[in-house]
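Undergrad: Take this structure, written in structure tokens, and hold onto it; I'll ask about it next.
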């Protein structure tokens, strides 16, 4: 995040240069227009002031429900401890609740997990053994909550706080508050959908897959809901970046048509750099969470597709309940993985596109030399700061991630199917 004093210094230097051009010898004749007065008043605002951030932080107000649900699931115990600031503390009530909730659910998961492992150890058939691993695999995300949830809560709190600072700076430069149309309604629908999807998904697996008992689903509800909510949170964060990018580019295009000055170009350059850093910090803050998320999806898709193909190889295209259950699992994980990668791809496309089009449409021959230099600086800044969501360098989250996942899953499927074919007939059926 660009420090507040550097952001102010960049804008104020441009303002100073702009004002100096109005100085005529020893006499200054300057009548402030209403627009100039409003701009001066906005420049008095500081993104370090919590009360100011609280007023302008519309993104937090819109997606607050999502954060409350994450606290309820004991996944991300971050709180709005003071105006304009989101914090994480091991001594907070939210963390104490998270630890208590985690202990209770851990007892349930261990009981069900022990029963699932006992069933797994009694299986002799290779295909059924692989197929039963799915039930154990869906319990694993519970045990990495302290690592991928609480462990990154501090970085996530900083990222969420920076959203408030960006919106103050957005207001200072553009003169209007950043708005997220229908985002609150979308979040309510998504939150309810995540809960209903978890229930429907588990009940469908219980009905379609042999050996998945109804009483065992009690250990899975909070896990599946958490997985759904992680996908929803990533989608909302990316949508927020996308909306901010579109709004910034629209305001930039509007203001450039009114007055194309070095001051204006410089102010928007700093604001755009702030937005670009916000996009990069998204991947850095959640790197641990979504790296494990992707690995979990890759593993489940591979096992589910293998189980379904194995059934087809053994019994033909009969579409038994077991095959349908495995396809439901594969489709569920594939859909979540697609949403995760696709929304990142769409948001990165919008970050620079609109602003760059406006810059390239400016007739540089009709503006003064300082403005031409600022346009060059802005274009160079866009080229040197490509819009990429990176999980701390481990992976770039875009549609290429999907093609890489498909190729990797295909390789493992080929290996598993070759291993199955190479087994003696009696071993593959009875061990």
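Placement of Cβ uses the backbone N, Cα and C atoms for every residue, glycine included.
On a predicted model such as this, the values are computed, not experimentally measured, just so you know.
Relevant sequence annotations retrieved from TrEMBL are reproduced here:
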TRANSMEM  96-117  transmembrane segment
TRANSMEM  129-153  transmembrane segment
TRANSMEM  186-213  transmembrane segment
TRANSMEM  219-236  transmembrane segment
TRANSMEM  290-309  transmembrane segment
TRANSMEM  324-341  transmembrane segment
TRANSMEM  401-421  transmembrane segment
Undergrad: Same-chain Cβ contacts of the transmembrane segment (401-421) under 8 Å, 6 or more residues past its ends?
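TA: Long-range Cβ neighbours of the transmembrane segment (401-421): 126-127, 130, 294, 297-298, 301-302, 305-306, 309-310, 313, 337-338, 341-342, 395, 428.
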Undergrad: So if I exclude everything within five residues of the ends of the transmembrane segment (290-309), which remaining residues of that chain have a CB under 8 angstroms from its CBs? That is, six or more out.
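TA: Distant contacts of the transmembrane segment (290-309): 127, 130-131, 133-134, 137-138, 140-141, 144, 147-148, 227, 230, 234, 283, 322-323, 326-327, 329-330, 333-334, 336-337, 340, 391, 394-395, 397, 401, 405, 408-409, 412-413, 416-417.
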Undergrad: With CB pairs under 8 Å as the measure, which of the listed stretches 96-117, 186-213, 219-236 comes out on top against the transmembrane segment (324-341)?
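TA: So the stretch in question is 186-213.
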Undergrad: Using Cβ atoms and a strict cutoff of less than 8 Å, what residues sit near the transmembrane segment (219-236) while being 6 or more residues removed from its termini?
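TA: Contacts of the transmembrane segment (219-236) (Cβ under 8 Å, skipping residues fewer than 6 from its ends): 63, 66, 69-70, 73, 75, 105, 108-109, 111-113, 138-139, 141-142, 145, 183, 186-187, 190-191, 193-195, 197-199, 201-202, 286, 289-290, 293, 296, 336, 339-340, 343-344.
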Undergrad: Take the transmembrane segment (129-153) and find every residue of the same chain, 6 or more past its ends, with a Cβ under 8 Å from one of its Cβ atoms.
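TA: Same-chain contacts beyond the flanks: 74-78, 88, 95, 98, 102, 105-106, 109, 112-113, 116-117, 119-120, 123, 211-212, 216, 219-220, 222-224, 226-227, 285-289, 292-293, 296, 299-300, 303-304, 306-307, 310, 322, 326, 329, 416.
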